[in-house]
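Taken from Swiss-Prot, the feature disulfide bond covers CYS113-CYS130, CYS122-CYS135, CYS311-CYS314, CYS341-CYS395, CYS360-CYS372, CYS402-CYS415, CYS530-CYS537. Annotation source Swiss-Prot lists region 'Disordered' at 260-285. The motif 'CXXC' annotation in Swiss-Prot covers 311-314 and rests on similarity to another entry. The motif 'YXXL motif' annotation in Swiss-Prot covers 630-633. According to Swiss-Prot, the feature signal peptide maps to 1-33. What Swiss-Prot records for 607-640 is topological domain 'Cytoplasmic', and it gives sequence analysis as the kind of evidence. Taken from Swiss-Prot, the feature transmembrane segment covers 586-606, and the record attributes it to sequence analysis.
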Amino acid sequence: MESPAFSKPLKDKINPWGPLIIMGILVRAGASVQRDSPHQVFNVTWKITNLMTGQTANATSLLGTMTDTFPKLYFDLCDLVGDNWDDPEPDIGDGCRSPGGRKRTRLYDFYVCPGHTVLTGCGGPREGYCGKWGCETTGQAYWKPSSSWDLISLKRGNTPKGQGPCFDSSVGSGSIQGATPGGRCNPLVLEFTDAGKRASWDAPKTWGLRLYRSTGADPVTLFSLTRQVLNVGPRVPIGPNPVITEQLPPSQPVQIMLPRTPRPPPSGAASMVPGAPPPSQQPGTGDRLLNLVEGAYLALNLTSPDKTQECWLCLVSGPPYYEGVAVLGTYSNHTSAPANCSVTSQHKLTLSEVTGQGLCIGAVPKTHQALCNTTQKTSDGSYYLASPAGTIWACSTGLTPCLSTTVLNLTTDYCVLVELWPKVTYHSPNYVYGQFEKKTKYKREPVSLTLALLLGGLTMGGIAAGVGTGTTALVATKQFEQLQAAIHTDLGALEKSVSALEKSLTSLSEVVLQNRRGLDLLFLKEGGLCAALKEECCFYADHTGVVRDSMAKLRERLNQRQKLFESGQGWFEGLFNRSPWFTTLISTIMGPLIVLLLILLFGPCILNRLVQFVKDRISVVQALVLTQQYHQLKSIDPEEVESRE
């Protein structure tokens with residue numbers, strides 16, 4: 001059993017390496033930022049670069065999530081190598097400078113060794129991390145090098161038949177059969193393995209590539225693979241909290257000025273050029289709230305004018321500020337991420353109240369299946385599901401306009417198609433007036449009607465479906481568009497507020513840790529700040545990262561123990577773990593079943609013994625009955641008879 005980490009008082013555990021520990025904790029805290037939604041779409045760029053020349057062999061950009069942006073990368077070996085392998089005599093040796101050298105290079109095998117994880121004895125960059133046989137993990141060679149843990153696989157691509165000595169079609173050799181642009185005739189295909197799709201690509205990964213020759217040394221080149229996420233915003237600097245600075249009061253209503261007749265400019269005056277209009281200011285909190293209430297009124301007035309003759313619309317001041325109504329709708333399927341999926345949204349907002357029944361996608365748990373009228377399973381493949389106009393996907397990871405099927409197939413995430421409505425309650429005038437009247441008798445608590453109950457489901461089947469009866473579709477009106485614009489503006493502000501608060505907290509922790517590190521350096525002679533103060537050392541742990549990682553490791557260990565426990569059980573013990581009703585059924589019928597089995601096994605033997613015993617007793621009784629009907633004759637001795645005569 002392991003000893004506890006703090007078996008002695010903390011003041012006796014002062015570490016002379018405290019500043020270095022603080023530096024490590026600072027780096028760890030800076031990296032533990034809350035992760036985005038798995039359905040967030042980014043602009044991802046993969047680059048293959050020759051580390052010896054700095055030349056880029058391939059740069060592929062695509063839109064997608066961080067889970068499915070692992071495309072096949074196509075490039076030419078000579079674009080990667082350049083002139084590093086050229087021999088002094090181009091007509092004899094291989095290389096990439098001459099057409100003949102490119103053709104001879106195509107005949108050689110090659111092998112690749114990883115530099116991001118170097119095994120013992122594999123050497124360094126000079127050997128291409130291939131210091132001995134067995135270090136190679138991929139390539140195109142007769143011994144078929146492979147690995148189950150490396151991140152990529154690199155093979156030769158399809159070379160067209162009849163492609164001659166690799167002439168360059170752009171320098172006057174276009175009429176020669178087999179000529180290609182740039183003389184490229186050594187195509188390579190790089191694919192990501194399952195381990196590569198799970199790995200972290202925060203830093204470049206390095207590999208060494210060597211050309212296999214039967215004689216002489218194998219030429220070496222080094223290349224790196226880098227992933228760049230272009231639209232991830234930078235971290236905010238230390239300063240005022242933008243969440244507080246944007247809390248502006250409601251704007252004052254603008255006074256309408258009557259138009260005046262323009263006067264001609266005086267003679268000799270220079271013509272005045274109107275300046276550029278001032279930049280539009282982002283609406284403050286007060287304006288956003290008023291826009292929500294105004295949009296709710298316009299939408300309600302369009303659908304039910306009788307309810308808006310005299311009413312009170314109250315915006316709920318406490319969370320949840322929004323509620324969703326599950327609806328049925330037809331989403332659009334895209335092979336690539338559409339434009340509305342690539343917005344820079346962090347998807348950190350969730351819905352705590354969803355009502356109704358609608359369309360569900362993914363592995364919906366039993367606790368949320370009441371929200372599903374129809375549950376669809378995603379098929380294999382990488383594509384995106386965009387929500388219809390006026391709706392959004394409410395997922396267990398947050399709100400998102402698009403879904404990635406790759407994320408749904410790899411995780412336990414689930415989503416429901418919902419309409420978003422602000423938490424605005426509708427009250428009649430009698431209820432509001434009654435709150436200010438002093439009454440001794442109180443009526444029953446009135447039922448609060450929210451905007452979701454009054455207008456829920458309109459975009460997917462309410463007013464929008466009433467066009468045939470003469471009703472205007474709400475989704476196509478300015479009132480609904482104004483309400484949707486107010487909702488989107490408020491949601492965007494909420495997301496920015498959450499991100500700003502998170503980054504402000506992280507920045508504050510970095511400042512505190514930096515001050516602590518500086519104090520430790522100042523009191524280095526005394527053994528650090530804790531030793532100078534003669535107090536226990538306190539260390540900072542970012543719960544958003546450390547706890548999440550710890551729980552993930554704990555969950556992984558529990559799964560491993562569960563699998564180990566199940567593998568150690570016999571088939572009979574495993575039957576009882578499959579379902580609870582099976583255990584109850586077995587325990588109920590086990591007793592009668594055992595009794596019946598014993599009767600079938602020993603019943604015939606016992607029955608035969610009993611029958612034989614009865615037969616013996618009956619035979620004895622019969623013998624006694626027969627002896628009672630006869631008398632026994634006396635025996636006479638012949639000698640005695642003769643003596644009597």
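Along the chain as shown, residues are numbered 1 onward.
Positions of Cβ are set from backbone N, Cα and C atoms, glycine also.
Mind mapping these onto the model and telling me what they sit next to?
Within the same chain, residues at least 6 positions away in sequence whose Cβ sits under 8 Å from that of CYS113 (disulfide bond) are CYS122, GLY128, TYR129, CYS130, CYS135, GLU136, THR137, TRP207, GLY208, ARG210.
Reduced to three states, the DSSP call for CYS122 (disulfide bond) is coil.
Close to CYS311 (disulfide bond) in the fold, though at least 6 residues off in sequence, lie TYR426, HIS427, SER428, PRO429, each with a CB less than 8 Å from its CB.
Mapped onto three states, the DSSP output places CYS395 (disulfide bond) in strand. Proximity of CYS395 (disulfide bond) to non-local residues of its own chain (separation of 6 or more, Cβ distance below 8 Å) is seen for SER37, HIS39, GLY362, LEU403, ASP413, TYR414, CYS415, VAL416, given in sequence order.
Proximity of CYS372 (disulfide bond) to non-local residues of its own chain (separation of 6 or more, Cβ distance below 8 Å) is seen for ALA326, GLN357, GLY358, LEU359, CYS360, VAL364, VAL416, given in sequence order.
In this structure, CYS537 (disulfide bond) belongs to neither helix nor strand by DSSP; it is coil.
Model confidence over the motif 'CXXC' (311-314) stands at 81, taken as the mean pLDDT rounded to a whole number.
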Out of CYS314, CYS402, CYS530, CYS537, which of these disulfide-bonded residues is nearest CYS341 (disulfide bond) by C-alpha distance?
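Minimum Cα distance from CYS341 (disulfide bond) across CYS314, CYS402, CYS530, CYS537 lands on CYS402.
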Counting across all protein chains present, how many other Cβ atoms fall within 10 Å of the Cβ of CYS314 (disulfide bond)?
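CYS314 (disulfide bond): 14 neighbouring Cβ atoms within 10 Å.
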Among the disulfide-bonded residues listed here, CYS130, CYS360, CYS415, whose Cβ has the fewest other Cβ atoms inside 10 Å?
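Counting other Cβ atoms within 10 Å of each of the disulfide-bonded residues CYS130, CYS360, CYS415 gives the minimum at CYS360.
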What is the interatomic distance between the Cα atoms of CYS537 (disulfide bond) and CYS402 (disulfide bond), given in whole Å?
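Between the alpha carbons of CYS537 (disulfide bond) and CYS402 (disulfide bond) there are 47 Å.
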By a simple count, how many Cβ atoms lie within 10 Å of the Cβ of CYS402 (disulfide bond), its own Cβ left out?
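The answer is 23.
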